[in-house]
Amino acid sequence: FLTVLNPDNSFEILVDQTVVNSGNLLNDMSPPVNPPREIEDPNDQKPEDWDERPKIPDPDAVKPDDWDEDAPAKIADENAVKPEGWLDDEPEYVADPDAEKPEDWDEDMDGEWEAPQIANPKCETAPGCGTWQRPMIDNPNYKGKWKPPMIDNVNYQGIWKPRKIPNPDFFEDLEPFKMTPFSAVGLELWSMTSDIFFDNFIICTERAVADDWASDGWGLKKAADGAAEPGVVGQMMAAAEERPWLWVVYILTVALPVFLVVLFCCSGKKQPSAAEYKKTDAPQPDVMDEEKEEEKDKGGKEEEEEEEEANEEKLGGASQEEEEEEEEEERKPASEDEENVNRSPRNRKPRKD
């Protein structure tokens, strides 16, 4: 436990080196450090004619003539009709015919034995058994006890309080930090635990001195207690020994995440959402199929065009060959005529001897 008082009248209260309360000595203490200037007069008494009632019953109100205070809140439904097949002569419960008196039943001590009551089996197929009674409904004429309406009290004087008088014990200390010298320390402790002892008190002017004192004493004790305490696993095992059903919780807590991880890893690739297709302009499966079909159609058309061109080239080549053959045939007679002309004696050149 540590209390720190500062020269600006602020304070802090620490437990195990953790701040649990803080404030100002002049504003946040209850009772306050400085008593009030005025107090309530202990001898003052409320006048007998003082009226503290803000509302009063209207004295001029009169109960209406048709107001029936004795009317019941519930009445029998006159329009109700007994269902057909109602068994008036059959009781709702009957004695259990299969029940047997216990062997250790002593009629002198336990009284006359009676079989336990069970639901009448005949009533299971009927709308009901026993004496039929009309169901109860709300009484439309019910108004309850008449009370006069409340009105504002013209004589209302407010909540009475005793008058204020000067405090004969008033004093004002604007610097409560500057305490008067003291030579003893007293504790007023309210606790339900017995055998609480305080072995050390230190009063100093430096916060660092108090912190060092706490580290050398309480700090070592805390470290030893922490080392002696079981870890998280040990605490879980100890709790499971007291409550065996915790083993089921532990197994589910460990097995469920492992199962989900395995399921996630083994599952197929997640299909991209429509938003991702729109962001990346990536073709969707159906679009890709359409594009493949279009490519096949285009490829088929191109192959047909190539075949047509090849056929046309073949036809063109054949026609060219025919034309060339015709030209060659035309050239052959001409060449033959030229040869004959050259062979004639007229065209021969004279030889020199």
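From the backbone N, Cα and C atoms, a Cβ is placed for every residue, glycine too.
These figures come from a predicted structure and were not determined experimentally.
Going by TrEMBL, these are the annotated features:
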COMPBIAS  37-81  compositional bias 'Basic and acidic residues'
COMPBIAS  86-109  compositional bias 'Acidic residues'
COMPBIAS  302-311  compositional bias 'Acidic residues'
COMPBIAS  320-329  compositional bias 'Acidic residues'
REGION    22-109  region 'Disordered'
REGION    274-353  region 'Disordered'
TRANSMEM  245-266  transmembrane segment
Residues of the parent chain within Cβ reach of the compositional bias 'Basic and acidic residues' (37-81), under 8 Å, 6 or more residues beyond its termini: 133-139, 141-153, 155-167, 170
Residue numbers, six or more beyond the limits of the transmembrane segment (245-266), whose CB comes under 8 Å of its CB atoms: 236, 239
Long-range Cβ neighbours of the compositional bias 'Acidic residues' (86-109) (under 8 Å; 6 or more residues past either end): 115-120, 122-123, 126-132
